[in-house]
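What TrEMBL says about this one:
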- 12-29: transmembrane segment (TRANSMEM)
- 16-153: domain 'EamA' (DOMAIN)
- 41-63: transmembrane segment (TRANSMEM)
- 75-95: transmembrane segment (TRANSMEM)
- 107-126: transmembrane segment (TRANSMEM)
- 138-156: transmembrane segment (TRANSMEM)
- 188-208: transmembrane segment (TRANSMEM)
- 190-309: domain 'EamA' (DOMAIN)
- 220-240: transmembrane segment (TRANSMEM)
- 260-278: transmembrane segment (TRANSMEM)
- 285-305: transmembrane segment (TRANSMEM)
Amino acid sequence: MSRPEFIEDATIIGGLIGVQFIYAGNSILNKYLMSEGLPQSPYIISLNFITFLILSPLAFFFERKAWPKRLSPKLSVQLVLISFSGVTLFQSLMLKGINLTSASMATAMPNLAPGLVFLIAWAFRLEKVNLRCTYSRVKIVGTFLCVVGAITMTIMQSTKRKTVAKDIFPHDALSPPTEHFYIFDWDHIIGCLYLIAAVIVLSSNVILQAITLRDMPTPISLCALTSLIGVMLTLMVEFIQDQEIGKEWQVWCLKQLMCYALLAGTVSGFCVSFNGYAMRKRGPVLVSMFNPIGTVITVVISRFLGHSIAIGSALQVCL
């Protein structure tokens, strides 16, 4: 391996690890904001519009020579699909899931993504699979373990212990006897379903980005453009649902909303652009393989912030 190739590989790997650190902090922040009653649609619209404002000058200065000469119908459809799935749909599902579960769960569920991306990439012939090859068989086994781990985490994290006193007990007893049983936390299960749906959308979006980057090899421009289109689509969805725009904007102070959106928009723009660069260089499967690092980081940060982490939860994350 030559020195330039080594530097490129080290940059990609180091950058992908850094992206997971940022995603972990962003998940914890989003959980806090959702618990404080942050309205989802204004937040999504604001952060993606800020992402567009930040990235569009960078895209113009660094990538304008590589822009496609014309916007073909195929490329237009791809951009709309990436915007709707990656901005409007994915972010809405993810925020709903974080609100009903936890930050650690929100970063654990995307561990399904490498397996789903691998299967979708295999279906679209973006990933070569040879069942006689040990490497291919390991990836298939890894996909199976990802699915089993997500299902196990969903079931075990969605049960809670309930203690009730028995109706009949001896009068001379100091305290009434109790019995314990486990019940399902249905809000938590619904939150997990939101997160699973978000991961499926994310996996499909990653593959679609990899395909689009062949015709438009400009990851910063792709992120900026899809952010702007995503803002428009989210506004349309909000209008269809509520028959008006701006109904939720008065819930939070506009200054607070803009501050959080500026932070999240900057973070999102950097991470998505770098992922696009790494995807163009090394493919979608490698990018998605770094998702488990974000889970570990989130658990560690949550523990430092005073959140309790059960041993069972840690074992599920490892699985």
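Using N, Cα and C of the backbone, Cβ positions are placed for all residues, glycine too.
Break the domain 'EamA' (16-153) down by DSSP state and the numbers are 116 helix, 0 strand, 22 coil.
Taken as a whole, the domain 'EamA' (190-309) shows an average pLDDT of 77 in this prediction.
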